[in-house]
Every structure is written in structure tokens, then in C-alpha cells.
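Below is one structure, written out as C-alpha cells; the observations come after it.
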Amino acid sequence: MRRRAALAAAALAAPLALAGCSSSGSASGTAQASPPRLSVSGAYIPLPSLPDMAAGYLVVRNDGGRAATLTGVTSPQAQSVSMHQSTASTMLDTPTVQIPAHGTVAFARGGRHLMLMGLSPAPKLGARIELNLRFDDAAPVTVQATVQPLTYQPGQSS
Amino acid sequence: MTSSSFPTRPTRRSVLLGSVGGAAALLLAACGSSSSGAASADGSQLTPSTQAQQGPYQGTPLGRTFDKPAVTLTDTSGKPFDLAAGTRGKAMLLYFGYTHCPDVCPTTMGDIAVAVSKLPKDQQSKIDVVFVSTDPARDTPSGIRTWLAAFNPSFIGLTGDIQTIIAAAKSVGVYVAAPVKGQEPVHGAQTLAFLPTDDKAHVLYTSGTTSAVFQHDLPLLIKGVAA
């Protein structure tokens, strides 16, 4: 069933791109595919070891029948937030991130991550940092990321 | 400020040029392709697939050994530190990175720190963890000290002239490039493990190696078990 959803998404990808440009309404010509339904979970920020920069991790899930495009993240507590993809020896800026229909995209250690600059006040263990995720074709999503220990890994006891 | 100002990953050619020999070049190329595939999906996949070799270590045995880089850099107290002499006769993990690195560098140091913290106390002093800056213009000795202290205050931090650091990295098959203004600096794609018995690197850990792998391997390194 996963496979069928993926095939459907692939077949719809081209018309959707056009529809996304021409209309923000709900009925845009692709009647069968439901609009993106986005949720964000597991947001955390490892307590940074230097005060001026932190990483952020989370999982974006799309339960809708159409892909969504994450176009940026902001935080009232950060001067800037950028989306990156780590490679073997550096990292690349990713201005947008596609969230597939019926799919998830994980921002996780060693891969996609948020880089938060100029956090104020300086993050403390257990503090909550608001993240606002903006999408091209869906309503923004706001989550509270929890500041975790520096070496925290989800699902792994330290 | 736009994506075009960011570097693309080192090209295959630059990776080859930056390495010291055929064996090292192959290792680097392998690291590049495996981590790009596994990193975003499920980091835990990377470890078993690249470490299916038999042998006592869960890290990747090197095809050839490397001497400790014959280099004197500046430690976090601002004093000269002879890397080979300063760590002679001890197991050593060597990583090249930079402190203004949000993801891979702190994750690597954190995974190593967690593994070291789980060693019996008397074993913890038998391994040196050495972090060499790839962004020495920004990484001051005291800045590196503050950064490392969050992981383990006994970790050794070194900085110095970038060309010296590039040469030191190259001597052990690690690709490092001088930071370019407006671009993200480069960190080493791998951590090297040196045995106390011969002071040579025998095992390699790619980015994404879990703390559990380090936990498994550190006691073997400390004992000087051959890879």
C-alpha cells in the first residue's frame, strides 16, 4: 500500500506543481488527492556547547495525498534558522524541503538539521524554543522544541 | 546568503587529490557515497553495512596503517603540542572538525564522549581524544576549550596554521580544505583510531558511527588489540 501511495504521488507530481503555482484554493483540479496534512513531532535542540549556535531536529509528517514544500523555519528566540543537509565532510544549504504525500522527512543527527543562530535568551536544559515551519501549500505549523542534553539521541538512553 | 554561496561537496577529484594514496582515496570515496545515502534516511543503517568485516572491531579496519601526524600545533592553553610525542604510548582517537559546526562535529564528539564516560575510570585516562580545528581563524584555543569542556574536559583540542593542519590531515588520509569566506568549513569525514602499542592508526570510524560502536571498540583499542 505504501508502494501504491508512492506511485500515485509520483503520477500526480507534475500537475501538482502547476496547480500549486496557479491556485491556493482547495479545488485545484486534482480532485482525488487530499491536501497536505502536516504535523511535526519529536522537536529537540541539543544544549549547545557554544552560545551562538545550535542545531534543531524534528520529524515532519504529511498525512495528506499531496506533497508539501517546507519553505523555511523561524523562531522568535533565534536571529535566524536555516535548513541544512550534512554531507560526509561539510553541509549544504537546503532552501526548501519537499515533504512527500503520505510520508515523513526526518531532520536527524548527521543528516538534515536546522541551524539556529543567535538564540536569546541562551538555551537552558529543559527550555522550550518555538519553531514556526512555513509551507508553500499548507498552513504553517508551530512546535515547541525541548532543549536536551548535548549528547541526547532520541530513542537511545545516554 | 543564497544557496549558491554554499560549497558543493568536495568533488571526487578533489577528494582524490587530497588523499595520500590509492587505499586512502578508496576509503574516502566509500565514505562519501555511503554517508550520503544513509545519513538522511536512517543513520543506524550505515554502521552494520560498512562494518560487515570480520575482526574484533566494529569500526572499519584500515587497509594500511598511518603514523600519527608529525606536527606541532597549539593546545587549548596556548602552548605548543607535539601530537606524536604528546600522545605516545596511548590509544588515541583523532578527529578534524570545527566548533561552529551544528550537526556532525558535536554529534561525533558527543558519541565519543558518551563511550569514554562508560569506560571504567582507570581506563578513561588510557585514551586520548584529540580534536584538531579545521577553522583555526575562528577557533581560538580558549573557544575550543569551552566547546570541548561540554563533552569531556580531558579531550585535547589543537589549532594552528591551516596549511599545517591540512597537511597533517592529508598524512592520515583525511580530506580537509581551507575555509573559504562565505562557505561552510569542512570537517573530516572520519575519525581515526591509533593503537597504544605501535602508535599507528588501524581503525576508521565514519560520520554517523554510533556511540555503541565506540563503546564496543574503545576497550580493544586501549588494550592494543590488532585490527
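A Cβ is built for glycine as well, from the same backbone N, Cα and C atoms used for every other residue.
Taken from TrEMBL, the feature signal peptide applies to B:1-38. What TrEMBL lists as region 'Disordered' is B:39-69. Positions annotated as compositional bias 'Polar residues' by TrEMBL: B:47-57. Residues or ranges marked as domain 'Thioredoxin' by TrEMBL: B:62-191. The annotation Cu cation binding site is assigned in TrEMBL to B:CYS101, B:CYS105. Here TrEMBL flags B:CYS101-B:CYS105 as disulfide bond.
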Secondary structure tally of the domain 'Thioredoxin' (B:62-191) (DSSP, helix then strand then coil): 41 helix, 33 strand, 56 coil
Cβ-Cβ neighbours of B:CYS101 (Cu cation binding site) (radius 10 Å): 26
Neighbourhood of B:CYS105 (Cu cation binding site), C-beta criterion under 8 angstroms, separation at least six: B:TYR95, B:GLY97, B:TYR98, B:THR99, B:HIS187
